[in-house]
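Let me begin by presenting the structure, written as structure tokens, before commenting on it.
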Amino acid sequence: MEGKLYKGQDYKTEFQPRDYLKTFCAFDSGTVAENEILKFNLNNLFETFSPGGIGGDILIDVGTGPTIYQLISACEAFREIIMSDYSELNLREVDKWLKKDPGAYDWSPAMQYVCGLEGDRSKWQEKEARLRRTVTRLLTCDVNQPCPLGSAQVPAADCVLSLLALECACQDVDAYRAAIRNLVGLLKPGGHLVTSVALRCREYMVGSRKFFGLWLEKETVEKAVQEAGCQVLKCQYSPIKYSEAYCVNEGQCFVVARKGPTA
């Protein structure tokens, strides 16, 4: 991949939500590698938020992007979901789906897949309705700030979720460690951090634009979570990679951790 490398504030103007969705979230009609990564995350999220798993009053999704798939299982486990992203363009794309805009992205294949994991694919429309009811706010965020949600008044969360976001938002490992601490700061004591990371990422394509990716090892992710005052309960590694034409990475890591009483 050659050409300009976009990062930081470029996300506000250069990151095109539909280009991202077309490449990484086509699901049943997309490329095999991207579909496998999507399923890897959906399977882990299903296990994490199934009955007897993680649940509570409030979940904050940080770095939502233009996607809602990461919340399909979580909407059964939480009373309220707050979504947040750095880019207004991404939040507008999500808002289209929440409001049933005719031009909204079609998430029904992902809905049906998760409902299949639950045992009944036919309930996907009920699932869509439940997720729409559960999402209460769309906020802007910046994970590189000590208060990622800025001045928004948000109660301490039972769970903070961040999928495939921090490795795009953080410019180096020190910034990544700080971002993890910032996310943990949004949690109640005993609350859970759930995160998925594209490991050893260098760059990825959104349409014709190339965006920066931070090189992270599985051990770096685990250590950052532990140093932020959390106990790692699960660290699921998979060697799956994106298609080389779209992203340079080596493996995926799905982490569930619990915040300690004094973090």
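Heads up, the Cβ atoms here are built off N, Cα and C, so glycines get one too.
These come from TrEMBL:
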type    : residues                                   : note
BINDING : TYR20, TYR69, ASP85, ASN90, ASP142, VAL143 : S-adenosyl-L-methionine binding site
Long-range Cβ environment of VAL143 (S-adenosyl-L-methionine binding site), under 8 Å and at least 6 residues apart: VAL62, GLY63, TYR86, SER162, ALA165, LEU166, ALA169, CYS170, ALA179, ASN182, LEU183
Binding-site residues compared (ASP85, ASP142) - highest count of Cβ atoms within 10 Å: ASP85
Close in space, distant in sequence - TYR20 (S-adenosyl-L-methionine binding site), Cβ under 8 Å, 6 or more apart: GLY65, PRO66, VAL206, GLY207
Cβ neighbours of ASN90 (S-adenosyl-L-methionine binding site) where a neighbour is any other Cβ within 10 Å: 25
Cβ neighbour count within 10 Å of TYR69 (S-adenosyl-L-methionine binding site): 21
